[in-house]
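Engineer: Okay, these came from TrEMBL:
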TRANSMEM  41-60  transmembrane segment
TRANSMEM  110-130  transmembrane segment
TRANSMEM  150-170  transmembrane segment
TRANSMEM  191-210  transmembrane segment
TRANSMEM  230-252  transmembrane segment
TRANSMEM  259-276  transmembrane segment
TRANSMEM  288-305  transmembrane segment
DOMAIN    297-420  domain 'FAD-binding FR-type'
REGION    508-530  region 'Disordered'
Amino acid sequence: MVAPTIVKDVLNPALYNNNDIEVQFYQQRKVWPWTKGGVHALGWVFFAGGLVLIFGLLNLRDILLDRRRLGYTLANNNPNRVLSSHRSLFDRMSLHFRAFCYLRSSLRGLATMSFGLGVLILAGFMYPLLYVFSQHPYYEQEPRFGPPPLAGRSGMIALAMTPFIILLGMKANLISLVTGMGHEKLNVLHRWLGFVCGFFSLVHSVPYIVEPLKNGGWSKLTEVFNSHVTYWNGVGALVCMFWLTFGSLNFIRAWCYEVFVHLHIILGVGYVGLMFWHCSNMLTSWHYLYATCAIWISHLAYRFIRRTNWFGPRSLYGDQAHFTPLTNDGVKITVPTRMRWQAGQHIFIRIPGISPLDNHPFTVASIMSDDTKYCEYNDLVLVFKPHKGFTRRVFDISRTHPDVSYRAYLDGPYGGLSRKLEAFETVLMVAGGSGITPIVAHLQHLASKIAKGEALTRDIRIIWTVKRFESLEWFKDEISAAARSLPRNMLLCQYYVTEETAVELPKGPVSATREWPQSPITPTFRQPAPALLRPPGTSEAGKEFQLQFMEKDIGSSSDEELHDFPFPAVRPVTPVPPLGDEVLLEFGRPPLRDGLPRWSETFGRRTCIYVCGPQSMKVDVANAVADMQSNIWACEEREEIYLHSETFGW
């Protein structure tokens, strides 16, 4: 038998004796010797890269189809003449794909994730899990023969995940460019992939504890960890990873968001630095760390140079922000700027005079003027309700010093729609509270495109749900102005108020822009008699009024059941403010889950449904759109119902 050739460094020379003939012989006979460990990391790279490629191709197909439809219609100078394509097998399969992917669970904690996203996350976990644990052996025959193979496989895969985690967490990244998904959506994958990386980092660490314990107990474990600093810097990296994942849990982020953000950055830098030290350029480890640093540094440089208004042709000293108090605790920030943005995009704003370290995202509620040149200014408008921290301080200033202006630094824009709304015949936009902000910008953009004859859209519908009448004051003028710029019967607006006492409204409301239909989305309930509009107290008439009001919310019941119900104190009636004659006002919550599928019978060939609001609203709309996909399958006149859900959870 020919003696094996002596190969230098078959193992990490800092931890193992490469001059041992038995070690040399053992490693050279293995199917997967330690020196081929880089293959484990490449498997994850190909897996993740393949997913990005698939979603990129789907996004490209949608973009090209929208462009083709718009080009065909505009080339014929006939907005009513649209390109109708024969539905292929792919089109029919995509209906089932969307019906599944749009579905959401109503369970608390899972509502932020659609079924499609859940499957994607599960696949991203199951692939490395099966790869790591389906192969044997887990440990070497003797500790001196090399590191545990289980630790090697899991460690290299966790290392290969690091640049993808950083990429998914960046505001401007290549994955967003390829797939059309904004960073606010990819941030969900950023967090989940961080948990997966943390799990496999732990799997990488455990064998180095179990192996010494099995071969000598605690004394052996102490001896191993005291033998070389590699074990200790690995522990440091694991501690950083633990906080990066555990600190990203929703309740911690909501409790102390600013502390979380700054600790996240500091510990992220610490983790990468410790990993450089821990890996010591063994195998291909530093390739992934170099890639991580390149992504991080290039992203920061791009944001600093190209996306921030403190440098470059926009301005050297930022722009001036003006605060305006709005009704119902609303605040409007107006920033005249030369920044360019599109409808539905958001920016990050930093105001050093209020909070020098805070950088907060807000959706832009305005659009740029059509005839604006690059060097001219536009009013960038942000509208929000305060919570705590930065937004609460801005709220206080808007009430106490409304005439004061502050220097503001804008970072953006980011996000927005990858599809063109003007390429859809029907556009339905559903908003809850301040979720109306991007919808107003999209409405203004659509109105501009329609006025120029550059849109296929012939049916626009808006559903806006608020708690109090005062919130409707925020954008009623903008919506009214857009409505009057559109052709008659093109815009349908329905406002729902949930915390005001129902009052008698004119029968058969007719809009100035549309003869109002009795649509399935409109909830039906008996209007109270004029005599009962006063706070009725505990009289029989008062109980009858409350019965009528409750029937809308809890459904019809027997008189005995309702009269036994304990009646709360009646809220005083608030006068209905002037909203504009293009608006239909309703009380209570819109029946989105059950009403939208029936309402979809009046949709055009291709429809975009845009929703921005609380999680419960997005769940109802997503599940309703999932139900609509089966109707498209059965009707040849329908082609697509596309859902876009705005997500702000980073």
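Note that Cβ sites are derived from N, Cα and C of the backbone, with glycine treated the same way.
Just so you know, TrEMBL annotations are computer predictions that nobody has curated.
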Engineer: What does DSSP give as the helix, strand and coil breakdown of the domain 'FAD-binding FR-type' (297-420)?
Structural biologist: 21 helix, 42 strand, 61 coil
Engineer: For the domain 'FAD-binding FR-type' (297-420), report the average pLDDT of the model, please.
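Structural biologist: A mean pLDDT of 83 is what the model gives the domain 'FAD-binding FR-type' (297-420).
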Engineer: Within the same chain, where does the transmembrane segment (110-130) have neighbours whose Cβ lies under 8 angstroms from its own Cβ atoms, ignoring anything closer than 6 residues to its ends? I mean 6 or more beyond.
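Structural biologist: Same-chain contacts beyond the ends: 44, 47-48, 51, 97, 100-104, 154, 157, 188-189, 192-193, 196, 199-200, 615-616, 618-619, 622, 647, 649.
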